[in-house]
Amino acid sequence: MSAPSTPVDTVDPGGLAAALSALREGAPLVQCLTNVVVAQWTANTLLAAGASPVMVDNPQEARACAGVAGGVLVNVGTPQEETAAAMTEAVAGAAEAGTPWVLDPVGAGALAWRTRIAHDLLGRHAPAVIRGNASEILALDGGTGGKGVEGVDAAEDAMPAATALAHELGCVVAVSGRVDHVTDGERVVRVSNGSPLLTKVTGAGCALGALMAGFTAVVADRLVAATAATAVFTLAAEAAQRAARGPGSFAVALLDELDRLQPAAVADGVRLS
Amino acid sequence: MSAPSTPVDTVDPGGLAAALSALREGAPLVQCLTNVVVAQWTANTLLAAGASPVMVDNPQEARACAGVAGGVLVNVGTPQEETAAAMTEAVAGAAEAGTPWVLDPVGAGALAWRTRIAHDLLGRHAPAVIRGNASEILALDGGTGGKGVEGVDAAEDAMPAATALAHELGCVVAVSGRVDHVTDGERVVRVSNGSPLLTKVTGAGCALGALMAGFTAVVADRLVAATAATAVFTLAAEAAQRAARGPGSFAVALLDELDRLQPAAVADGVRLS
Amino acid sequence: MSAPSTPVDTVDPGGLAAALSALREGAPLVQCLTNVVVAQWTANTLLAAGASPVMVDNPQEARACAGVAGGVLVNVGTPQEETAAAMTEAVAGAAEAGTPWVLDPVGAGALAWRTRIAHDLLGRHAPAVIRGNASEILALDGGTGGKGVEGVDAAEDAMPAATALAHELGCVVAVSGRVDHVTDGERVVRVSNGSPLLTKVTGAGCALGALMAGFTAVVADRLVAATAATAVFTLAAEAAQRAARGPGSFAVALLDELDRLQPAAVADGVRLS
C-alpha cells in the first residue's frame, strides 16, 4: 500500500473534509486486531465510512498483513494468549513496513494483563495514535487512577498525561470524552460534536479507534488523521441521534449516517476549539 | 462493589419495578464470560437496560474482575480451552468476593464438553441463578433429554428438575419458555410476557441471563432478581414486537425499548402467576 | 438428522421456491464454524431464513455435532489454532455421517495460513459446496491472483478455475460477484439479483455460505441448494434495499426480508441465466 499521499497540514474544517475525501478515494485496507465484542460493528463502521476492513488477528498471518495494510488497529479489549501474540506480530509488521498503527488500550489501568500488553507494544514500536478515555490514558502514563473500562475522568484531566505520552513516543494521543481532545504534544485540538447515545452503544470508542487507523493510512499529519476520524464519527452520531428512538436504532442510524456524510458537511458541522 | 442494598422481599409487580429502579440507579458492573456469537448483543442489552458490561473472559484477568464486579455471567455457548479456564477463575473470584454469578448452560445435555464444564463450575461454588431452557435444566439435573441448543421441552416439564437443582445448590433456577418459570426451590413464579420473535433472534436467552446477573448485583432476593430480569426483558420484547417488521427490526427495537422501559410500566404490564 | 428428502432436479424458479419451502419445513440444524466477526449475523441470517444455527467451533465437540447436524459451514475468516483444529474435526464428523459441508475460504490466496487450512480440509473430505469470491476460487485452484478478502476479479473470470475445482472434488462451486455464478462442473447457473449495499455489510458472503449449508441439508441436488441460497439471499437484499437509508438499516431490513420472503416470490423474482 502506498504511503499517505494527502498533505493536510493544518487542523481546520477544510482539512478534515479533505481527509474524508481522501479516505473515500483511497478506501485503505485497515487491519483490525480488536475485541470479539465489537469486531462486526468495527468492520461495518469502516465499510460505512469508506475504508476496507480486514480482521486478521492470528499470529501466523498478522505480521504479513500489517505489511500490506494501510493502517493497523490494535485494541486490547478481549485479549487471549493467541490474539495477544498476534498483536506483537502485527506491530512488528507495521514497524518493518512503516505502516501506521493505532493503540486502543481498552481497560488499561483497571485490568493488569492488558495494561502490560499495552506497555509492551508501546515499547516495541511507537504507534501513530493512541486513543482511549481519560482513565486509560492516565494509566498508560503511569497513573493508577484507572476506574474501569468506562472512564470516569474528564478528558481534560488526562491532557497532562496525554501530552507527556505524545512527547515520549512521538505520537498523537486522542482522549475521548464529552469533548474529545487530540494532541501531538504541541498542538491540542478539541472536538465538541457527539451524542450522549454513544455511551449506550458498546464499542463506540473502539470503532473510533479503527477509523483513526483508516485515516492514518491516507493523511500524513496524524493529528489531522485522528481529528478527522473524531469529527466524522461524532458528526454521524449527531445525525443518527436525530433519527433514533434509543440506543438500538441509534447504532443502526450511525452506520447509515457514516455512509451518507459528505466532506462538505464535515467542514460545516465540526466544532473545533 | 457494595453488597446488594435494595431489599425486595416479595415477588409482586411493585417489587419488580423497584428492582428496575435499583438497576438504573446502581448501574452495576456486570462481568460477562459469554459466547462470541452474542457478546456484542449482550453488552448492548446490558447498556440499554442500565447496567455496565465488562466483557473480561481471559484467565489472567477474570478472577480479579469478578472480585470487583457487581455480578458475573458465565455462558458456555462457545467454550474454548482458554475461555473455559477463565470461567473457573471467574467463579473462584466470585466465591472469594461474594459476587453473585449466573450460569447459562447453553447446549448442556446436547454437547458433552460444555456439560462437563457446567457441572464442574456448579461443583466449585453455587451460583445465584441458573438460567436455561427446559432441555438444559433437565441435563444439569442428570437427565439425558437434551435435544440441542434450542429446547423442545416445555418449561413446566423441567420444573421438577429445576426445583431439585435449586434445593441442591441453594440457588434460583429460571427456565425459559413460552411461559418463563423461576423458582428458588420453594416459591415458583411464572412470567407470561414475551414475543415469539424472541426465538428468531440469536442470543435472546443469553441476554436474559446477563440481565439476571445485573439484577443480582442490586437486589438481594435472587428470586426477585431473576424475575425482574425476565419481566423487563419480555416486556421490552412485547413493545419491540409492536414496532417490528421482522426479526431484524425486532432486535433493534428491543434495545430501544429496554432503554425506554419505565419501572411503572413493569408494574403495570407484567403478568405473574 | 435424516438425509435430504426433497428431490429437486432442475434449476428452475419453481425448484428454488420448493427449496425454500423445504428449508422452512425442515428447519435443519446448521453447524457453523465461522469467523468471530460475523458469527451473530450468520446465526441471525439462518434463523430469519428458517434454519436452526448451532455455533459449535471447539475441537472437543465439533466432530460429534457434525454427525447430527443437517449441514456444516466451515468459514476460515478468523482462524486460530483451536478453531482450525475444530474445523478438521467437523469435516471428519461430516465425512463419517455423510453430512454435507460448505467451505467458505475467506481470504484464501491473500493470506498464507488460511490458504493451507482450506487446502488441507479439501484434501480430507470433499465439500458439498465451495463458496467464495473470484480471487478466493482462483487461489484454491492454484492461482496466485488473490488480492485480499474483498475480491477484485469478476466472477466470470474465475469460472475456469471453478469448473476445474468442481470436477476435481465432485462438488459445487459458487462464485460470488455482481452476477453470482454456480457450477457443478457441468451445469452453470447465473443469478443476477442482489444489491450493491451487500458490499457495505461485513459478512454478506459469509452469511450466504451459511445459507448454502442450510439448503444442502434439505435439497439433494447441491447445485439447486447453492442456487436457492443465492436466490433467497439476493432477493431479500433487493427488498431490503428498497427499505434502507444506508448500510446499517439495510442489514437490519435484510433479516426482516429473509423472514418475510415467500417461496412464490422466489419463483417470481429470481433472474437466472
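Just so you know, the numbers here start at 1 and follow the chain as drawn.
Cβ from N, Cα, C; glycine included.
A TrEMBL annotation is a machine prediction, not a hand-curated record.
The substrate binding site annotation in TrEMBL covers B:M55, B:G203. Reduced to three states, the DSSP call for B:M55 (substrate binding site) is coil.
Marked as ATP binding site by TrEMBL: B:R131, B:S176.
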- Message: Taking each of B:M55, B:R131, B:S176, B:G203 in turn, which of these binding-site residues have a Cβ less than 8 Å away from a Cβ in chain A?
- Response: B:M55
- Specify the secondary structure state of B:G203 (substrate binding site) as given by DSSP, simplified to three classes. coil
- Item | B:M55 (substrate binding site): tally of other CB atoms within 10 A of its CB | 26
- Task: Show which residues of the chain containing B:R131 (ATP binding site), separated from it by at least 6 in sequence, have their CB under 8 Å from its CB.
- Result: B:V102, B:L103, B:D104, B:V173, B:A174, B:S176, B:G205, B:L208, B:G209, B:M212, B:A226
- Suppose we call a site close when its Cβ is under 8 Å from a Cβ of chain C; which of the binding-site residues B:M55, B:R131, B:S176 are close? none
